[in-house]
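Visitor: Here it is, the structure, as structure tokens.
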């Protein structure tokens, strides 16, 4: 924390799609999370045709127990180019009858399109009909997001819908959104201000969703039930219309950056990155200067089909349907319909397509991490025999040049983990000299600086004898481990009746003070209520920044609520701070939390949960002051940011003096690997006579902020 003032078969006559779309076969398709909003692209402006329809009465709902449908059904009768007169949300179209194109052998073995009869229930007067959910077979590149301990099940889970939104112009500006439910006891800071930066709006939605999902999981674990909390949280937020970037668009999505990671498919739905909650191909009908055609706008490569994604700039993507990994039907040739037809038309239109790649989540045996890899264009397409012996479509996508790194970062890190010496520009392979569970590299690939000023590496705080009482922390009598929902667990009682961490060791809610199990407890060291005391569990590196001294980042992806590290050092007196505070730039005082951290719990009130008492969430300052100048750990290298991704949480586990807790850092949001870790320093030192930064008065000790965030305050104290 130094604070200085692409490959596949080429196109040929053999195996190349030779399809001429028929105007009478314009496909209709489900788009459960909005449409009618696009960004400017290289093609002429176009108008979206709404794909929604009403669900027939008696359709089978496949929502998990207790999950209400996101929207009530209604019939849409407007002409395609008119704004919908009914403002109510539409129900999710579980399956839309597409205009099918049968593939028949052509000359030289290529497949050519020929029409066959469509369903007799094809809409005729603007009312779009959809069959019941029992008739649905999920044959896209699906990979439902699995919760922390949730088995893969419910392949027919009904996807939440989205209400019709007003059309936006080709500039891609946001359409009007329904305000959050004003009946809530606490007003949520959700998209209520048009002045919000798109990035901030996206982060607020994701943070609220994850807070809601974590609370749902905590409640389910206390009842010992297994549910899809990710789907339930998504349905609740959709029902409240708490989303960002309503509407579909081609190209970039405001507020979403290349390299962003997601642990649940619903997260991508809520921010407008990828609308279908299960399907791998997101597409829309576009009106070009000459005709209306479907075009693909986003695809997710989740391992459900025979994709080839080893090349960081080339993706060989398999079409949907036929004989996919998750397809429950009898294997058959894939057909040129729905997403396949949209991808084929995108080949000719050359429109940009967002690509989301995936990798295994090592922290969850059945989970995946989704990585937004940027914009691609389809370069080629062909048909080949799949592993099952049936014809499948193949699409070769090339990554657009000049974009920030996406999946390439993950490929590099994998090599570093296999061979740390391949990292390059390593000053020290382990700055902790074995003190940490996992080595911490010291890296400088910016200049010739050989390392930070000398300090002694320690992993916890050192107290002066007179600053802390020897009062022990009272322990629980739990056998083996503390269990959620156990009303007899004394540690749970100290934490307002709930264990603070879930089964994955993630913090559920920020609290004024967390009580972990101590040496006085009967439970084992494997108890879920012993998280921070076990030390770091991530691969960190201390690196040289371009303009802010040394910084800290991780080789591993970090999930929201993950424990980062403790602020280690020496607990010092206020007198010493006043004497040499100007010289000590490694001072931590627990007197400021920050706006982003203070609203980290925002979301569970959507449940109208009577167990949530907001009075317990009032920020509590502590008299503890820690200096990491002479002795400290990796926390001393975390720089300030006005839009941080880390916050501090006081924790007690080895003594009972509540004025001197351990200062532990946790992730505010999902953090991609190689992203700098930052927290909000706030106002430090004697605040008497100081005005809050941003009011026009700047403390003499304030330093210029170089965080570069959209809401940068300019200075930090």
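Including glycine, each Cβ sits where the backbone N, Cα and C put it.
The annotation region 'Disordered' is assigned in TrEMBL to 106-195. Residues or ranges marked as compositional bias 'Polar residues' in TrEMBL: 115-137, 163-173, 182-195. As annotated by TrEMBL, domain 'YDG' applies to 251-399. What TrEMBL lists as domain 'Pre-SET' is 474-535. Positions annotated as domain 'SET' by TrEMBL: 538-682. Annotation comment: TrEMBL describes 701-717 as domain 'Post-SET'.
Are these features on the surface or tucked inside, and what are their neighbours?
Guide: Helix, strand and coil residue tallies for the domain 'YDG' (251-399), in that order: 18 helix, 59 strand, 72 coil [DSSP].
Across the domain 'Pre-SET' (474-535), DSSP assigns 8 helix, 4 strand, 50 coil.
DSSP places the residues of the domain 'Post-SET' (701-717) in helix, strand and coil in these numbers: 0 helix, 4 strand, 13 coil.
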Visitor: Looking at the domain 'Pre-SET' (474-535) alone, can you tell me the average pLDDT?
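Guide: Mean pLDDT, the domain 'Pre-SET' (474-535): 95.
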Visitor: Which residue counts does DSSP yield for the domain 'SET' (538-682) in the helix, strand and coil classes, in that order?
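Guide: Summed over the domain 'SET' (538-682), the classes give 23 helix, 45 strand, 77 coil.
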